Structures are given as C-alpha cells and as structure tokens.
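Asks: Dropping the structure in here first, questions after.
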C-alpha cells in the first residue's frame, strides 16, 4: 500500500513510528506537511498538490492533525476522501472530536458516563451554573484548550465565580465540570484501535497538580482496566466515529466517566509505558480495512 501521513513534523515520535511500522510491513509511507498540501476542488477530478506536484496513487491516509490546524487539516483530509483514499480517521469525526462541547453532547445522548458539565453564556447565570455541577470544588475548561492548558480547578464558590466571570469577560467559551475528587488526580488513557482497547495506561498528576496530562508533568504507569472501562472506551470511540482514539477515563464512585476522546493520540507515552507496538497495530488496522472508496463519508463531506 501507499500510505500518506499528514503531519507537520516528520521528526515527532508518533510520525516516526508510523513511518517505521508501515515501512517494516512493506508499505510505501510518505510524510506530507499538512499546511503545504493545497487543493484543486474541481468537478469529477478533485486533486491535491504538494510542493508543485499532484499527489496520486495513495491507498490510505493517516491524519496527525494538530489542534491549531484542525480547520485546514480537515479540509485536506476531506479532499483525500473525495479522491477515494481511505482515512484512518474521517474528517467529520476529527472535527466532531475537536469540539469538546459537541463531543460531550453526543456522548451524553448515548448514555456514556460523563462528569456533570454545565455551559452558559450570561454572567447572570453563574450562581445556578455552579449549583448545577454540585458546587465547588469544580473544574473550568476553555473549550479550545489542549494538553491541559486552559483548565482551572476552583476550590471555592467565590473563586469559581471570579474565574468564570473573567473568562466570560474575555469572550472565552468555557465549560464547568464537577470535580471528581475520588480519582485522586489520575486518569486512564485507553488506546482504541477498531473495536478493541489495544493498550491502556494510568496517568498520575504530579504532587500538588490535578491535571494528569504527560505534557504537564504527569507520570504514566501500567494499569489493568475493568471490563466496564474497556466497554466505555470502545463505545465512546464508536459514538465519535473514530477508528483510532485515545479515550481518557476517570474512575469515579459511580463508574467510569469519559473526560475526552482524542482523535490524534500520541504514541510515545503509550508505547514506552506498555512496551506494545501500537504503531504496528494501527498499520495492521489499515491493511484490514482500507480499500478504494471505503470512507463512510462517501464524498458527501
């Protein structure tokens, strides 16, 4: 197979590993800088050009699209789909998963466990919004944030009111969530490929911190997940329409709660922690499922 990897930086661990795994399995793997691919949206013959030449003959595309380039990255991926190239994750699913609020709305509709979450526009509604999520302590998240940036833990109602007011004053969209104290600053990253959790790790926040992101100094370790956690992760990825996803789960007193479904999960943490060949399993998934015009989008965008 000829596989395109959409990535801005070929030196990133995840990109390198995907190229390595694909090459080892006898495929031709080409890294394409997402922002240098440009499109000709012509009737009957959609094209993508890259550094002056048309891209042709690809069987599959692996999107590694950073949050900051979601809009353009999804447009490039959609163009690949229009050309009948099989995407590891579809453009609509990636766009959907990047919208934190929409993701939670979709997950809640399917009855997947979530922390109680509030969303409001007017400062007049702040007191009731805080009550809605069972009062302080609570967590405030900027909708566009990644890697734990723009996430605030408010210990008191007074602090929560001030922070929410400040964000609203800055015209920032935020959501307010109950704080799951019993999780103890830890979450579980379940790595879903197809309809299986192929690897999972526990991420523990460093002392005095509540965000367990590895980018924030969290520490990863091996963990055995429960059948309920496994099922929750698989269902969450399915609801989002993602073939490959990193599903972040909190252990609460009332079962597993999904924090986030990540459409471009990093490979380094999970491979180093578990010793599993996650990149190889992703390529294997492509081998089994890819084929011309296999996208569910069917060129309808």
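Placement of Cβ uses the backbone N, Cα and C atoms for every residue, glycine included.
Annotations per Swiss-Prot:
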- 104-287: domain 'ATP-grasp' (DOMAIN)
- 141, 178, 179, 187, 211, 212, 213: ATP binding site (BINDING)
- 248, 260: Mn(2+) 1 binding site (BINDING)
- 248, 260: Mg(2+) 1 binding site (BINDING)
- 260, 262: Mg(2+) 2 binding site (BINDING)
- 260, 262: Mn(2+) 2 binding site (BINDING)
Asks: Are there residues of the same chain, six or more positions away from residue 212 (ATP binding site), whose CB falls under 8 angstroms from its CB, and which are they?
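Replies: Sequence-distant Cβ neighbours: 185, 186, 187, 203, 204, 205, 218.
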Asks: At its widest, how many Å does the recorded ATP site span between Cα atoms of 141, 178, 179, 187, 211, 212, 213?
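Replies: Maximum Cα-Cα distance: 18 Å.
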Asks: Out of the binding-site residues 248, 260, 262, give me the one sitting nearest to residue 141 (ATP binding site) by CA distance.
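Replies: Nearest in space to residue 141 (ATP binding site), counting only the binding-site residues, is 260.
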Asks: Roughly how many Å lie between the Cα atoms of residue 260 (Mn(2+) 1 binding site) and residue 211 (ATP binding site), rounded to a whole value?
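Replies: So the Cα of residue 211 (ATP binding site) lies 13 Å away from that of residue 260 (Mn(2+) 1 binding site).
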Asks: Rounded to the nearest Å, what's the C-alpha distance separating residue 248 (Mn(2+) 1 binding site) and residue 262 (Mg(2+) 2 binding site)? Just drop the number here, would you?
Replies: 8
Asks: Hey, of the binding-site residues listed (178, 187, 248, 260), which one tops the CB count within 10 A?
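Replies: That would be 187, with the most Cβ atoms nearby.
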Asks: Need the DSSP three-state call for residue 178 (ATP binding site) to compare against my parser.
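Replies: Residue 178 (ATP binding site) sits in a strand per DSSP.
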Asks: For the domain 'ATP-grasp' (104-287), what's the model's average pLDDT?
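Replies: Within the domain 'ATP-grasp' (104-287), the model's average pLDDT equals 95.
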Asks: May I ask for the distance between residue 211 (ATP binding site) and residue 262 (Mg(2+) 2 binding site), taken between their Cα atoms and rounded to an integer number of Å?
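Replies: Pair distance, Cα basis, whole Å: 16 Å.
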Asks: Which of the three DSSP states, helix, strand or coil, fits residue 248 (Mn(2+) 1 binding site)?
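Replies: The residue in question, residue 248 (Mn(2+) 1 binding site), is strand (DSSP, three-state).
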